[in-house]
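Read the structure below first, then the notes.
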Amino acid sequence: MNETIAPARLPRIGMVSLGCPKALTDSELILTQLSAEGYQTSKTFEGADLVIVNTCGFIDDAVKESLDTIGEALAENGKVIVTGCLGARAGEGGGNLVREMHPSVLAVTGPHATQEVMDAVHQNLPKPHDPFIDLVPGGFGVAGVKLTPRHYAYLKISEGCNHRCTFCIIPSMRGDLVSRPVGDVLSEAKALFEGGVKELLVISQDTSAYGVDVKYRTGFWDGKPVKTRMLELVQTLGEIAEPYGAWVRLHYVYPYPSVDEVIPFMATGKILPYLDVPFQHSHPDVLRRMKRPASGERNLERIQRWREACPELVIRSTFIAGFPGETEEEFQHLLDFLREAQIDRAGCFAYSDVDGAVANELPGMLPMEVREERRARFMAVAEEVSIERLRRRVGATMQVLVDHAPALGRKGGRGRSYADAPEIDGVVHLLPPEKISKQLKVGEFTRAQIVGVQGHDLVARPI
């Protein structure tokens with residue numbers, strides 16, 4: 001008599017990804033490899049055989065969130081592997097911070113450590129044996145599992161940073177710059193577009209420095225030589241994206257002179273005229289205390305030239321208020337810069353004395369209430385500038401990528417224009433279409449006429 005043998009239950013792994021988009025891409029690599037090896041995923045801690053927590057360790061709030069999440073996973077599951085930036089931080093006792101706070105975790109790794117995480121998984125939850133799954137090649141460097149909606153994805157081009165800004169501890173956690181081979185980056189981009197991605201967000205710790213570590217050596221893609229450098233990379237990305245009608249958006253672009261070469265290419269429409277530039281401050285003395293890698297003395301002039309070359313350019317930036325030693329005059333310089341530069345989207349942090357940051361030892365540490373007060377004043381000016389620039393768009397017709405459209409958009413929806421990166425910028429609220437035949441589909445583009453401004457967002461009618 002033949003007996004049917006029930007298939008063995010495949011091991012399940014829970015995954016929590018905290019922090020920035022760069023950490024998200026690390027999580028995607030881990031999940032891709034887990035999937036290739038036959039592991040299944042669990043949406044709950046209780047339903048998993050093991051939980052992986054990818055942490056953030058940059059600012060105090062992020063550290064607390066990461067430690068709390070690890071604690072929750074331990075309480076609800078008991079078997080936890082920790083990876084990410086917090087895994088590389090030392091505690092007050094000199095040992096590993098995570099192990100000091102949660103000694104029962106199974107393993108701790110730093111960021112960008114897919115193989116170390118997989119080794120820890122194998123040690124604590126042996127991979128399922130499947131003669132078919134075992135033939136599947138690894139998913140490193142290709143468009144594997146994605147944690148973003150299907151129509152947009154992050155493309156990480158490098159890991160680490162060569163700079164030693166006094167307020168930052170990222171190099172101590174993620175190491176020096178390591179650029180991905182240009183052929184691998186372009187192959188992943190092509191695969192993402194073929195898979196339906198309509199917006200590619202290029203990320204790294206320092207996008208402008210892409211290729212510095214390999215002396216801009218020439219790589220190959222599609223049988224053609226391509227230099228490992230930001231300009232050649234984005235030019236080729238634009239060419240790959242064009243047949244798909246897809247967007248390419250640049251993030252974390254330090255204001256080096258090389259950026260000037262990219263702006264005219266943005267003006268052609270091959271990549272989005274959108275630049276995420278972390279200026280951090282405007283006053284030369286503050287920038288010197290920060291040890292910023294690019295001189296800021298001529299940033300205002302450069303921005304004016306950028307806008308002349310590409311009038312549609314949108315600039316997003318982040319700043320720090322209340323840096324040690326910052327005078328009221330230096331802070332006013334920053335507010336004046338914000339107004340004159342007409343920064344479209346600006347975020348601001350009150351200086352936080354992160355453990356291990358060199359800036360903590362600088363003279364002139366300001367009281368927290370002063371730092372927070374300056375941050376609030378900064379954001380008030382930033383809001384004025386942003387809303388005024390949004391108002392200029394009323395009456396214009398823009399292409400909008402639809403992110404949300406219940407009932408095919410008959411009651412309206414939500415999307416983003418080229419000026420809006422997901423999660424960090426505003427959105428475009430789409431009114432119900434006037435034409436009955438007009439439908440809105442998530443992940444598709446629609447033309448819309450801007451009819452109003454609502455806070456940091458636009459209101460538009462699909463046409």
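Each Cβ is built from the backbone N, Cα and C atoms, and glycine gets one as well.
Here is what Swiss-Prot records for this protein:
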- Cys20, Cys56, Cys85: [4Fe-4S] cluster 1 binding site (BINDING)
- Cys161, Cys165, Cys168: [4Fe-4S] cluster 2 binding site (BINDING)
- 11-126: domain 'MTTase N-terminal' (DOMAIN)
- 147-388: domain 'Radical SAM core' (DOMAIN)
- 391-463: domain 'TRAM' (DOMAIN)
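Location within the structure of each feature annotated in Swiss-Prot.
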residue	record	Cβ within 10 Å
Cys20	[4Fe-4S] cluster 1 binding site	18
Cys56	[4Fe-4S] cluster 1 binding site	22
Cys85	[4Fe-4S] cluster 1 binding site	28
Cys161	[4Fe-4S] cluster 2 binding site	22
Cys165	[4Fe-4S] cluster 2 binding site	20
Cys168	[4Fe-4S] cluster 2 binding site	21
In Å, rounded, how far does the Cα of Cys20 ([4Fe-4S] cluster 1 binding site) sit from the Cα of Cys168 ([4Fe-4S] cluster 2 binding site)?
15
Per DSSP, what is the helix/strand/coil residue tally across the domain 'MTTase N-terminal' (11-126)?
53 helix, 24 strand, 39 coil
Cα-to-Cα gap, Cys85 ([4Fe-4S] cluster 1 binding site) vs Cys168 ([4Fe-4S] cluster 2 binding site), nearest whole Å:
13
Cα-Cα distance linking Cys56 ([4Fe-4S] cluster 1 binding site) and Cys161 ([4Fe-4S] cluster 2 binding site), given in Å to the nearest integer:
16
State the Cα to Cα distance, in Å, between Cys168 ([4Fe-4S] cluster 2 binding site) and Cys56 ([4Fe-4S] cluster 1 binding site), rounded to an integer.
13
Tally of helix, strand and coil residues over the domain 'TRAM' (391-463) according to DSSP?
5 helix, 31 strand, 37 coil
